[in-house]
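Engineer: Pasting in a structure now, in C-alpha cells, and then I'll have a few things to ask.
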Amino acid sequence: MALANEAVARPRSVSLDVHAVSHAYDLEGRVLDVLDGIELAVRPGEFVALLGPSGSGKSTLLRLAAGLERPRAGALLEDGQPITAPDPSRILVFQDPTLFPWRTVWWNVATGLEARGLLAKHRHRVDDALALVKLETFANAYPHQLSGGMAQRVAIARALVNDPQLLLLDEPFGKLDSLTRLSMQNELLSLWQKVGFTALLVTHDVEEALLLANRVIVFSDRPARIVAEIAVDKPHPRRRDDPELVELRRAVLATLGISADV
Amino acid sequence: MTIDVDAVLVASSERVPAPAGRASGNLLAPFTPWLSTLAILLLWTAVSAGGLIGPRALPSPFDVLAAAWELTANGRLPAALVASLARVLAGTALGLVLGLGAGLLAGYYRVGEMVVDRPLQMLRAVPFNALVPLFIVAFGIGELMKVSLIAVGVLVPIYLNTFAGVRNVDSKLVEVGLVYRVPQRLIASKILFLGALPSILTGLRFSLAIAWIALVTSETVNTNAGVGYILAQAQRFVRTDQVFLCIVIYALLGILTDYLVRRLEGRLLAWRKSYDGR
C-alpha cells in the first residue's frame, strides 16, 4: 500500500525512445557492426522483451540505454531527454548477479543509495527492497553463502532500492536452473505489477518473453535489425499452455528461423 | 496450487549459510600443526645426544637454550633484537608504502603502469643482495644502507601483487559501480582496492618473508648491533650454539610475522570462501 501511495507522488515509469540507433565495436582493427538502425518506442510502464540470436546485439542496446556507452549513430531518449551517462533512474541488471563479494547482502543492496549520499536518511529503503525479494532474513549473509537464485534476487533488490523508472534486464535468469527460473519469473512479474517500472528484458527464452512481456521484439543476426514485433495482449498471470501463447510461440520461433514443430 | 509450488521452489533454491569455520571438537587441535616441528626437535636432541656429531658441529637444543640464557643475561640479545627489529620495521614500512603506492598507481592508471612498471619489473629480476655493493657506494655502510636494502626487498612483492590484484578485479564489478553512479574515488577505494585485497595480503606475506632475508643480508655488512652481528661474531669464534640460536630466532620471527598476517587475513577476508584442503 505504501508503495502505491508513493507511486502517486513520484512517477514510477518513463518512456524509452530509441531513434535510428546504430552501434559498432572496434575489434583488433576491424569494425564489428552490432546494431543497425534500431527504432523502438517503449511506453511508460510497458514490459518489452528483446529476443534474438546470441551475439546479435541485444545486450548492447541495454548498455546504450543504461548510458554505459554512447551509440555511434542515432539517439536514445528517456522521457524525451537524451541519455548520455548512467543514471539511478535506469538500472541495468546483469546476467550474473555481480554482487560485491566482500559486502553483505544488506550492503550490496545499499550500494546505490550510499553512492548518492542518501543512505543515512533512507536505510529503511534497503530493508524494504530486501523484503520485496523476500530476503530480509539474509541481510547479513555474504554472497558466497547464497544460491544462484537468491544472489540474483539480491541484484534485483539492489536495482529496485533506487526506485528505477526503467529496469534493464540482461538475461537475468539465464544461468538459473529451470525451476528457480520459473519462480523468479513470477516474482519479477509481481514486482513489475506492484512497483510499476518500465521494463526492457533481454532473453533467449521465447516462453519467458511471451509469459512476461506486453510486446516481444525480435532481432536479426548481427548487425541487428528489428525483424518482428509481436504484441501479447493477454492479461497476467498467463498460462504457459494457453493455446494463444502456444500459437504466438510458433510465430516467434518462425521469425527466428526455427521450425515450430518442436 | 501456484503458491504451494512456489514455496517448494523457493525452499529448494535456498541454502542455509555455511558455518564460518571448521568445527573442532578436539582440544589438542590447535597444536597438531606443531607435531612435525616437535618431531624434528626430538630427532635433533637424539642425534646430538648420540654423540656421532660433535657439539662443535651440532649443539644440542639445550646448548642453544643455554646460549640464549647467556646472551640474555649479559644484555646482548635484547639489544640485538631491538636493533634488528628497528631496522626491519623501518625498512618494511618504507617498502610497503612505496610498493603499495606504486602498485595502486600502476593498477588504477594506465599512465601509472607505463611509468612505474618497467623499472620495477627490472628491479624484480635483480636479486636484491646484488644491490649491496651499489647501496654501499650510494648510502654508505650505516643504517641508511640497511634500511634501504630491506625496503627494496619488501617493495617488489607488494608492488607485483597489488598491481596484479587491481588488474584482476572483475570489470563487471566496476560497471556495477558506474551503473549506480559510484564516484570514481569510491570505485578506487571500495571496489578496486577491496577487490585487490586478497592479492595485496599475499604480497604482504611474501614481502615480510623477504624483509627478514634482507635483514640478514644487510647485517653481514659492517654491523655492530643486531642479530646478524651476534651471528657474525659467533661464526668468528666458532660458537655453533650461538649460530644455531640466531637461526632459531630468525625462524621464530618469520613464523611470528606470518602468524600476524594470517590473523589480518582472517579479519579482512572473512567474506571469502575458499578451498581449505581435505
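Quick reminder: no glycine exception, Cβ is built from N, Cα and C everywhere.
Dumping what TrEMBL says about this protein:
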{"type": "DOMAIN", "residues": "B:81-261", "note": "domain 'ABC transmembrane type-1'"}
{"type": "TRANSMEM", "residues": "B:31-53", "note": "transmembrane segment"}
{"type": "TRANSMEM", "residues": "B:88-111", "note": "transmembrane segment"}
{"type": "TRANSMEM", "residues": "B:123-141", "note": "transmembrane segment"}
{"type": "TRANSMEM", "residues": "B:147-166", "note": "transmembrane segment"}
{"type": "TRANSMEM", "residues": "B:191-215", "note": "transmembrane segment"}
{"type": "TRANSMEM", "residues": "B:242-261", "note": "transmembrane segment"}
Engineer: Do we see three or more Cβ pairs under 8 Å linking the transmembrane segment (B:123-141) and the transmembrane segment (B:147-166), pairs being at least 6 apart in sequence?
Structural biologist: yes
Engineer: So what's near the transmembrane segment (B:242-261) in sequence-distant terms, Cβ-Cβ under 8 Å and 6+ beyond its ends?
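Structural biologist: Those are 59, 63-64, 67-68, 71, 81, 201, 204-205, 208-209, 211-212, 216, 227-228, 230-231, 233-235, in sequence order.
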Engineer: Do any residues of this chain, six or more beyond the ends of the transmembrane segment (B:147-166), have a C-beta under 8 angstroms from a C-beta of it, and if so which?
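Structural biologist: Here the qualifying positions are 87-88, 90-92, 94-96, 98-100, 102-104, 106-108, 113, 116-117, 120, 123-124, 128, 131-132, 135, 139, 192-193, 195-200, 202-204, 206-208, 210-211, 213-215, 217-218.
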